[in-house]
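Working notes, structure below.
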Amino acid sequence: MTTNRTFTMIKPDAVADGHTGAIIQLIEAAGFRIVAIKKTQLSADRAGQFYAVHQERPFYGDLCQYMSSGAIVPMILEKENAVADFRALIGATNPEQAAEGTIRKKFAKSVQANAIHGSDSDENAAIEGSFFFADLEKF
Ligand code: RTP
Ligand code: MG
């Protein structure tokens with residue numbers, strides 16, 4: 001079996017509301033193996049670096065403020081077809097459009113405070129995973 005990796009973070013709203021354990025349970029039940037995990041908090045500047053791809057979007061300032069507003073739980077995950085399967089598990093960006101059973105349907109509060117991030121390509125998964133974790137922290 002060929003596995004590959006994706007990157008995720010449980011976002012500040014979901015961590016603050018005490019949903020970390022429930023979300024990790026759904027991720028493992030869906031067949032993802034945790035390669036790296038920690039709890040940390042981004043500064044607004046570092047959140048801006050992470051989401052630099054969105055810097056021209058109208059929601060960028062709000063997004064940086066929100067993503068640095070509290071603790072997050074970044075993780076690297078491994079599974080066959082990890083990037084696409086994880087995007088399916090978390091559901092649409094806007095929870096009103098997220099399918100039943102998805103993590104965002106269960107835990108997201110709004111299009112911004114949407115509980116969890118998922119990388120959108122293998123290339124970005126590698127870049128984002130290395131943004132948070134050194135090679136010696138990936139098992
Ligand atoms: P993510 O990168 O966090 O996994 O989310 P995504 O691919 O589903 O959505 P993306 O377009 O990459 O947007 C990144 C995050 O920005 C916030 N957002 N706010 N106010 C708005 O209209 C708006 N649109 C996006 C969300 O937190 C979204 O997950
Ligand atoms: Mg995205």
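Even glycines carry a Cβ here, placed using N, Cα and C.
Matching Asn114, Asn124 to the ATP binding residues that TrEMBL gives (Lys11, Phe59, Arg87, Thr93, Arg104) identifies Asn114.
When the binding-site residues Lys11, Arg87, Arg104 are checked against ligand 1, none has a Cβ within less than 6 Å of one of its atoms. Across the binding-site residues listed here (Thr93, Asn114), the residue whose Cβ sits among the most other Cβ atoms within 10 Å is Asn114.
DSSP states for the domain 'Nucleoside diphosphate kinase-like' (3-137), grouped as helix (H, G, I), strand (E, B) and coil, give 64 helix, 24 strand, 47 coil. Of the listed binding-site residues Arg87, Arg104, the Cβ environment within 10 Å is emptiest of other Cβ atoms at Arg87.
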